[in-house]
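If you check TrEMBL, you get these features:
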type	residues	note
DOMAIN	60-227	domain 'Pus10 N-terminal eukaryotes'
DOMAIN	235-351	domain 'Pus10-like C-terminal'
DOMAIN	356-404	domain 'Pus10-like C-terminal'
Amino acid sequence: MMIGEDRDETKINIYNDLMDTGCCKRCMLRFVGDVFRHINAKSQNGGDEQILKKLKLNPCVICLDLLQDASFETMVFHSELDEILQYDCDTFVNYISFPTSVLIREHAMEIYVKEKFPEFFKDHHIVPINRAWSLSIQNKLAKKLKKKYDKNSYLNIQFTTTYEFEKEESSIMCQLEDNFKKLNGKDDTLSRNAVGEFLKTISSAIFQKHVSVPPQMPGKAVVLNQVIYKHEPIFIAGRYCKYSRNLGQTPWILDNVKIVESSVQEIIFKALESVFNCKNLVFSASGREDFDVRTLGRGRPFFIKICDPKVTKISSEKFRSIEKAIKKTNLVKVRDLQFIDRKYLNNIKEELTGRNDLFELDMVTQAGTYIKEFVHGDFGRTKPSLSEIIGGHVDIVALDVLDIHLDFPPPITTEILQKN
C-alpha cells in the first residue's frame with residue numbers, strides 16, 4: 001500500500017501520463033481520484049502547452065468529450081428542457097446513454113494505467129464515467145429547471161448521444177470472442193450493458209490483441225442525439241356508481257363503430273385529462289357490469305393509471321370538485337377519489353384473480369330434484385348442472401334443507417295453543 005509523498009508523486013505521474021495520451025482534465029481527475037496541485041505537474045509549470053493545444057484539436061481519448069463543458073452546455077440549454085418546466089414535480093433524476101465506444105476506450109485506459117502503476121491501483125477505484133457525468137451536470141440542470149436533484153425522483157430525464165465511428169470501434173467486440181452475441185441486429189449496434197458485462201470477464205491479454213492500449217486519439221466527439229423525459233405513472237382510486245342502463249363500463253366499439261355513445265371510463269377520463277395535463281390514462285375496475293346494468297350503493301372500486309402527468313399536486317378539494325363535475329352528467333357518480341400507492345393496487349387485482357373458491361348457494365326446487373347431482377353433474381350424466389353452467393369442477397361441502405313449501409299440516413298458532 002502506498003502512503004504519503006510516494007502516493008502524491010504517483011498521482012502526479014498518472015495525471016501527466018493521462019495528459020500525454022490525450023485525456024481531458026475531468027477524466028484525468030476521475031482516474032486519479034481527487035483534485036490536487038503540485039509544482040511538478042505539467043499542468044502547473046507550463047510544460048503541457050503543446051499537449052493542451054493537441055487536446056483542443058482532438059476529443060478526449062476516453063469520454064470523447066462527453067465530460068467537457070461544451071457538451072454540458074449543449075445538454076443543459078437544449079430546447080427540449082424548456083418543456084420540462086411544465087411539470088410541477090419539485091425534483092428530477094438524470095441519466096446518460098453513451099456509445100459503447102466510450103466503455104471500450106475506458107477499459108483500454110484502465111488496463112494501461114493499472115499495468116503501469118499497479119501499486120497505486122491495488123486499493124484505488126476509478127470514478128465511473130456515468131457517475132462523473134451525473135455529478136458534473138446535476139447542479140447545472142437544477143439551476144436550469146428550478147428543481148432539486150433526487151435519485152428517487154419520479155421525473156426522469158435521459159440524454160442519448162451518438163458517435164460517428166461507433167460501428168467500427170464496437171465491432172471489435174465481436175472479434176474478441178465468437179460467442180459474443182450482437183443485439184439489435186437491425187442496425188448492427190451492441191448493447192451497452194452487454195459490452196460492460198463482457199469487459200469484466202475478458203482477460204487484458206486477449207483484449208490488447210484486438211484493441212489499442214492506451215486508446216487512440218479520436219477524430220470526432222460524441223454528439224447529443226435526443227433528450228427524453230417523462231414522469232413515472234401515478235395512480236388514483238375511487239368508487240363509481242352507474243345510473244344509466246345504456247352505458248358501458250369501457251368504450252364498446254365494433255368494426256370501428258361505437259355501439260354505445262359513451263362509457264364510465266370516458267366520462268371519468270374527460271374530467272381528469274385537463275386536470276393532470278396528460279394524454280394517456282389506463283382504467284381498471286373490480287369486475288364489470290353489462291351496459292344495461294346499473295351499479296348502485298357504494299359503487300364499484302376502480303383505479304386509474306395516469307401516465308406521464310405534468311400535474312401531480314392535487315388537493316382534496318380539487319378531487320371533490322372533479323367528483324362534482326362527473327356527477328353533473330347524471331350518468332355516473334364518483335366518490336372517494338384519491339391518490340393511491342401502487343402497492344395497494346394488489347387489493348383489486350387479488351379480488352379479481354383470487355376469488356374465494358367456497359360459496360353459498362340457495363336453491364328453490366320441485367319435489368324429486370337431485371340437488372347433489374345438479375351441482376356436480378354426476379360425471380356428466382346430469383344436464384344441465386351447475387358445474388356445466390360455470391365451466392368448472394364444483395362439489396358440495398355441506399347440504400342443508402332450509403324449508404319445505406307445503407301447507408301441511410296447518411300451522412299451530414299461539415291462539416290455538418292458549419285455547420288448549
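Counting starts with 1 at the first residue shown.
Note that Cβ sites are derived from N, Cα and C of the backbone, with glycine treated the same way.
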DSSP helix/strand/coil residue counts for the domain 'Pus10-like C-terminal' (356-404): 11 helix, 0 strand, 38 coil
The domain 'Pus10-like C-terminal' (235-351), counted residue by residue under DSSP: helix, strand, coil: 35 helix, 41 strand, 41 coil
Averaged pLDDT, computed only over the residues in the domain 'Pus10-like C-terminal' (235-351): 91
